[in-house]
Amino acid sequence: MQSYDVIIVGGGHAGCEAASASARTGARTALVTYRLSDMGTMSCNPAIGGLGKGHLVREIDALDGLMGRAADFAGIQFRLLNRRKGPAVRGPRTQADRQLYKKAIQKLLREQDNLFIIEDEVVDIIVKNNRVSGVFLKNQGNIFSGAVVLTTGTFLNGLIHIGDKTWPAGRMGEQASVQLAERLKNYGISFGRLKTGTPARLSKKTIRWDVLPKQQADEDPVPFSFLTEKIKQPQIECAITRTNAQTHHIISENIHRSALYSGAIEGVGPRYCPSIEDKIIKFGERDGHQIFLEPEGLEDDVIYPNGISTSLPEDVQISLLKTIEGLENVNVLQPGYAIEYDFINPQYLSKTLELRSLPGLFLAGQINGTTGYEEAAAQGLLAGLNAARQVGGLDEIILSRSTAYIGVMIDDLISRGVCEPYRMFTSRAEFRLSLRADNADARLTPLAQEWGIVSHKRWTCYQNKQQRLDHARSICQKLFLTPNEASAHGLQINNDGVRRSAYSLLSYPNMNVARLTDFWPQLHSIDAKTVESLEIEAQYAVYLERQKQDIAALQRDESLEIPSSLNIQAIYGLSNELKTKIQKISPRSIADAQKIDGMTPAALSLIITYIQRQRREKGKLA
């Protein structure tokens, strides 16, 4: 009889991170996947990171996960998005060579102690005494465990649509998980349907690259992993093209043949990654939509046309593509398609990602209503970690909204649910000044060390980095200038007689360590990476102190009761939409009000201030 502590179902991004995290705790872990060769496959776009998503990858890496290291190994076009904006909203991103990425993930999994990889299909879960105790495999029968993590992606009752053609599949060329979906319903688990889509794949050789503008990689690529010292793969360029009036005419004339508009698809698609049909219908006034032509690998003939996903019939896809500049003679290697799949309302989960109605069953990834590799991987890590800790009799791990973007995402999912695929953005985090991509290790690696999931190499690397930063900070805090001394060097500060440290001067606009070396040459000894960390820390110091107070105040206010007599209509500045929702839901506390869909920190502040003012006025009357 095969027995493990934790079984992971699925070898996608969520499953790989779940398996690694579980095994790193010391738990005997099994990862069950259809095909060993498909572990870590990038099913859709050949890219990792982006706005909000890049923060998740950095956090996964800070917790010693896999995605950041694999992306650095496979990255072929690194770009730091929002580079000109503040550090809090900068988003690391890279295009990745599909084959190299998969190779990196599989290597990391093969090298992981306590991890056993099984090639088979899970067709049922085993439940004893209302608790999951294993899975049933199609070929090998029962295997048992203390907990199971389901990471089925788009495979659970997956259905591909191309025009009027529909067939069961998890992704193109792979079977759907139909039997498992039916068996799960027998345990009282109810499902919804979501949809996502992918564009056609094009032959690189048949594109007129010479007529198209290019997008270059950054000259100084910023890696994802705190362990990566240098990006080693050659950096490539992409090309940019656009749809046009002729493209739009073809789509409009054939919109009835799109699976999305014919009524064949019932699932809701991702708002922030619409199909080209949606773009034409919803933004008909635009004369064109941008398309990025992204190579899928260094030695690959396949091009991913980012921005033109579709479920139109194949003949229509070919026609519309040939109207686009540079693609007049393009050869389509694989048509675009939409895929529908089952998901579970994440409000049925606890914050450990365990299904409340079926103890021992944890869920991660698209089965929870999210979209994207990064969102899936982050959930997988937390689900695998909590599954292993539960089996080991250890306390559960819950990341708060003020600690990590992972905490923001999980709290959003559990408290608000989803009506469309959930995507991470920096705007979702109310404490984003402290949840930066650059300080993910400072926030999370010490926690991961406490949980026992960090390698000796990473912990040593982290300690060395912090020691360098502490030393540099100490130097800067001991160096002082008077306003007169600053003025003599061309630096204008308030002439108030107050001596200022080099550290405090770094918070001034357009100030940096390089400029301060004119006053203090000893600052030349600080290495470039430490300088960057020091400058960001100093720039945000005042704001972060204020944010700490806001976090502490919010934590105090969460327990504040909302009186049933509260006249919500009297709160000035609150939107009518929120007033209606509050009246309907009648939250009993600020913590309950936080969970209302659309609730913002600003709105909560208005409610808290109003309640506190009402209490003070009542106190005066008494």
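Heads up, the Cβ atoms here are built off N, Cα and C, so glycines get one too.
The structure displayed is predicted, hence computed values, not measured ones.
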Per Swiss-Prot: FAD is bound by GLY10, GLY11, GLY12, HIS13, ALA14, GLY15, SER177, GLN366, and from VAL122, VAL127, VAL316, VAL418 the site also lists VAL122
Under 8 Å Cβ-Cβ from VAL122 (FAD binding site), six or more apart in the same chain: what's there? VAL9, VAL32, VAL135, PHE136, LEU137, LYS138, SER177, LEU180
For VAL122 (FAD binding site), just give me the three-state DSSP call. strand
Run through the Cβ atoms and count how many others sit within 10 Å of the one on PHE283 (NAD(+) binding site). 11
Long-range Cβ environment of ILE281 (NAD(+) binding site), under 8 Å and at least 6 residues apart: ILE255, TYR261
Site with most surrounding Cβ atoms, counting all protein chains shown within 10 Å, from the binding-site residues ALA14, CYS273: ALA14
Least buried by Cβ count (within 10 Å) of the binding-site residues GLY10, GLY269: GLY269
C-alpha spacing of GLN366 (FAD binding site) relative to ARG271 (NAD(+) binding site), in angstrom: 15
